Amino acid sequence: MKHAVKHIHFVGVGGAGMSGIAEILHNLGYTVSGSDQADGAVTRRLAELGIRIFVGHDAAHIAGAQAVVTSTAVKGDNPEVIAARAARIPVVPRAVMLAELMRLKSGIAIAGTHGKTTTTSLVTSVLAEAGLDPTFVIGGKLNSAGANSALGKGDYIVVEADESDASFLNLLPVLSVITNIDADHMDTYGHDFARLKQAFVEFLHKMPFYGAAILCGDDPGVRSIIPMISRPVITYGLGEDVQVRAVDVVALPGGQMRFTCQRRNGTVLPDLEITLNLPGVHSVRNALATIAVATELELPDAPIVSALAKFSGVGRRFQRWGDWPCAAGGEFTLIDDYGHHPVEMAAVIAAARGAFPGRRLVLAFQPHRYTRTRDCFEDFVKVMGSADAILLTEVYAAGEAPIVAADGRSLTRALRVAGKVDPLFVDDVNELPATIAEQALAGDVVIAMGAGTIGGVPARVVELVKERA
């Protein structure tokens with residue numbers, strides 16, 4: 001690739017997956033440029049690295065490029081895409097470029113509806129702790145590295161495999177993890193759950209015959225595809241019939257999990273006593289997937305235990321913003337999370353209950369996509385009803401047209417009718433920081449959750465609280 005193409009341009013370079021690939025290609029010696037609709041922390045960081053960044057989209061931005069990479073969010077009518085095609089410059093999806101990077105190393109791909117980013121980060125951290133210096137491309141910022149990607153000198157590349165547009169079928173890993181399979185992004189699969197599951201089977205069969213499928217045995221969707229897989233399978237979970245199992249699971253106050261890991265994959269290996277620096281049973285399963293990967297790679301036990309104990313988290317995955325003064329006295333705890341599906345929401349609420357027992361849980365949620373709100377409406381109502389207080393904003397459209405009865409006000413009404421919690425609807429997400437800063441009570445645990453613009457809310461809450469002090 002290097003001999004044929006020297007200048008690569010990214011359209012939508014500010015996206016989590018795009019920016020990571022752009023940075024790695026830059027570090028490999030390519031000339032990299034990119035454009036995005038708006039300037040932000042990610043684009044500014046890329047510019048500081050020496051990557052030429054354009055704000056806005058214009059045909060002139062692709063000048064000199066020999067390949068153009070597009071994110072899923074970029075449409076065919078983008079002027080840079082149109083200009084590239086007119087000039088017969090190859091236009092390739094992000095996943096195709098990621099697949100090219102994976103050809104340079106032995107690839108470990110983490111797939112699944114939920115938990116991909118955290119599991120990818122955990123695997124990366126364990127490999128780094130073992131001295132393997134992996135390359136990684138993650139959908140969120142790995143706090144210990146301060147970035148969502150890095151070019152390592154070792155033999156492995158660890159990547160997050162995205163099923164949302166079926167682009168993970170471009171990847172060719174040697175080890176693959178599937179954390180779970182839930183009904184999400186169903187427009188891609190014709191609203192057919194069987195088609196979604198078949199895509200995961202195809203993904204696993206992209207591995208060579210000597211690859212291994214590391215699968216969550218606790219998840220019904222994953223279990224249902226095991227008979228269709230013709231690669232070696234390693235299962236993990238909390239159930240009795242898995243090969244990498246957690247027993248004696250205890251939630252520790254403050255947000256850690258303690259458990260014993262039993263490994264029974266053909267040979268019986270020593271049990272591992274794990275203290276995981278993440279909250280929630282869902283995090284235990286992500287750690288088990290990581291242990292299964294590390295065991296398959298025959299890594300020593302010490303770096304596995306050490307990396308899990310000191311894992312410093314991922315941006316916007318149960319990310320703690322600290323304890324802050326309430327307007328009426330006392331302090332509240334502020335947490336940020338990317339979760340945008342009812343299953344993720346339930347896991348985060350359960351994790352918060354375990355980490356902060358007895359405290360009032362306030363969920364500030366910005367729904368993401370009208371189609372997901374429609375498809376998961378009743379599940380959202382049920383799960384949100386398990387919080388103690390709810391702040392709801394309007395749906396973040398992500399380019400979708402509004403759908404009747406699948407908006408924030410409809411969710412608010414449905415929650416009110418259900419009667420478990422009386423939600424407050426905040427029409428403009430920009431008003432949410434002030435609402436949180438003014439209304440949080442002493443002892444509250446406030447979780448700002450969603451995949452849209454709510455990601456900027458915690459920082460603004462902190463600013464407002466500091467201004468008030």
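Heads up, the Cβ atoms here are built off N, Cα and C, so glycines get one too.
Other Cβ atoms within 10 Å of the Cβ of THR117 (ATP binding site), summed over all protein chains shown, number 23. The ATP binding site annotation in Swiss-Prot covers GLY112, THR113, HIS114, GLY115, LYS116, THR117, THR118.
Cβ contacts within 10 Å of GLY115 (ATP binding site), excluding its own Cβ and spanning all protein chains shown: 25. Long-range Cβ proximity for HIS114 (ATP binding site), meaning a same-chain Cβ under 8 A and a gap of 6 or more residues, is found for THR179, ASN180, ASP182, HIS282, GLY339, HIS341, VAL343, GLU344, ALA347.
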